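Features reported for this protein in TrEMBL:
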- 42-66: transmembrane segment (TRANSMEM)
- 45-449: domain 'Amino acid transporter transmembrane' (DOMAIN)
- 72-91: transmembrane segment (TRANSMEM)
- 122-143: transmembrane segment (TRANSMEM)
- 174-191: transmembrane segment (TRANSMEM)
- 203-224: transmembrane segment (TRANSMEM)
- 244-263: transmembrane segment (TRANSMEM)
- 284-303: transmembrane segment (TRANSMEM)
- 332-351: transmembrane segment (TRANSMEM)
- 371-389: transmembrane segment (TRANSMEM)
- 395-417: transmembrane segment (TRANSMEM)
- 429-449: transmembrane segment (TRANSMEM)
Amino acid sequence: MTIANFAAVKEKRSSRKNKQVIDEKAPLLPRRQDEDFEFHEFNGASFGGAVFNLSTTIVGAGIMALPATMKILGLGAGIALIIFMAFLTEASIEMLLRFSKAGKTVSYGGVMGDSFGKIGRMLLQMCVVINNVGVLIVYMIIIGDVLSGTSASGVHHSGLLEGWFGAHWWNSRAFILLVTTLGIFAPLACFKRVDSLRYTSALSVALAIAFVVITVGITIVKLISGSIAMPRWLPNVTDMTSFWKLFTVVPVLVTAYICHYNVHTIDNELEDSSQIQPIVRTSLALCSTVYITTSFFGFLLFGESTLDDVLANFDTNLGIPYSSVLNDAVRVSYVIHLMLVFPIIFFALRLNLDGLLFPSARPLVLDNQRFALISIGLISLIFLGSNFIPSIWDAFQFTGATAAVCIGFIFPAAIALRDPHGIATKKDKFLSVFMIVLAVFSNVVAIYSDAYAMFKRNSSPRA
């Protein structure tokens, strides 16, 4: 559907104020009333709204896994890698937008189709579907961990509702996720224009920042009281196994910065399309600051006891006044944040799945039955997945080691190397080769390390 149409439509784009996008090109991003459906006139998204939407796309569940990467890399190497990945992400998006403009395409799938044909477009759509399903499953895993509790290494970490009311059937993990899905995710997933989510995106970013501020405050208080030891600044490499394990953090960091699939959607709705590059840089700067602050103070606060999902650490006495209240505030704020992030990720998921399954069908916005069936099917799949994947780390490494690196680095680099319009510079080609080599090597090692660790874990009880 839409992504397929995007790939085929090559209408010239100009710098536009109050631009209008015809329904054939962007059926889910309508600008004017159409006789087939009722929409108020839309004159374009603002800079601030676009920054909030793109930042919300970036800052999702990944922030919760970053303190665990500090446990592997140490603070110094970990923070350096977060900054490095931010610059690499900005470079990949810049190349993507430049080749999109040269090919007169208005979507990521369109750029892939322009460079590699139908197969390229379909491959991109499959990767977006795989990545976004994995990310949304992780969101629900975190929500289940926080509200209903989780167990790690034989230790049970109680959830909010269990702590407040005790263990009951109605605050079990499955029931809580079912209520969240039907009462919150389903209604929020019904919006048909990304700009309609700007207010929920702004609130989600504010809640993420509130989580960071509270975490920083708790850590500073404990530092002043002298109850926190300084953590490692460098990785602890003692053998080849620990060395190879360092590469397992790369897929997690790559997943944390993936936003490429929503860049064109946001760009298409802008009042002034020339603002997209400043929007990307502003969003990456904001998200990098949040990531670094969370990683630093989260690992500083919990040290070697940091769990894969750091929110699960906020269920113990922190040794400061009002510890219980602060724990609850941290967990509630981030759970609500994830609930508000869900629809903007789901938007791209539904769009790409429909384009993959029905490339020649009429626009999804005009087919309420297809819109409802795809939405219900995807939400059901995500709900089931969240009840069968026990670890956030496993989910992040799976999606990060496969689809996410393709979306974030391999595909943009391949487009630049293909260079269908002859606009790639030597710097583009060098950077593209570097991104592909880094992505492939790090993820081969990550997959091997995960498989080896799983084999060792499963075989040890029989030893």
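In case you wondered, yes, glycine gets a Cβ from its N, Cα and C as well.
Automated prediction, rather than curation, is the source of TrEMBL annotations.
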**Report entry** Surrounding residues of the transmembrane segment (174-191) on its own chain - C-beta under 8 Å, 6+ positions past either end
**Finding:** 140, 143-144, 147-148, 161, 197, 200, 339-340, 342-343, 346-347, 350, 375, 379, 382-383, 386-387
Query raised in the report: Do any residues of this chain, six or more beyond the ends of the transmembrane segment (371-389), have a C-beta under 8 angstroms from a C-beta of it, and if so which?
Result: 133, 136-137, 140-141, 144, 173-174, 177-178, 181, 185-186, 189-190, 192, 346, 349-350, 353-354, 357, 364-365, 395
Report task. Go through the chain and flag residues at least 6 beyond the ends of the transmembrane segment (122-143) whose CB is under 8 A from any CB in it; none is fine as an answer. Result -> 3, 60-61, 64, 108-109, 112, 116, 176-177, 180-181, 255, 258, 261, 309, 311, 334-335, 338-339, 341-342, 345-346, 348-349, 352-353, 355-356, 378, 381-383, 385-386, 389, 392, 395-396, 398-399, 402-404, 406-407, 411
Query - Other parts of the chain folded back onto the transmembrane segment (284-303), taken as Cβ under 8 Å at six or more residues beyond its ends - result: 51, 55, 58-59, 62-63, 66-67, 69-71, 75, 78-79, 82-83, 86, 89-90, 205, 208-209, 211-212, 215-216, 218-219, 222-223, 228-231, 256-257, 310, 313, 318
Query raised in the report: Residues of the same chain, at least six outside the transmembrane segment (42-66), with any C-beta under 8 angstroms of its C-beta?
Result: 16-19, 30-32, 78, 82, 135, 138-139, 142, 193-195, 197-198, 200-202, 204-205, 208, 252-253, 255-259, 262-263, 266, 269-272, 275-276, 278-280, 282-284, 286-287, 290-291, 294-295, 298, 308-311, 334, 338, 340-341, 344-345, 392-393, 396
Report summary line: Within the same chain, the residues 6 or more beyond the ends of the transmembrane segment (244-263) and with Cβ under 8 Å of it are 53-54, 57-58, 62-63, 65-66, 68-69, 72-73, 78, 81-82, 85-86, 89, 92-93, 96-97, 108, 128, 131-132, 135, 194, 235, 237, 276, 280, 283-284, 287, 291, 344, 347-348, 352, 393, 396-397, 399-401, 404-405, 407-409, 412, 438-439, 441-443, 445-446, 448-450, 453
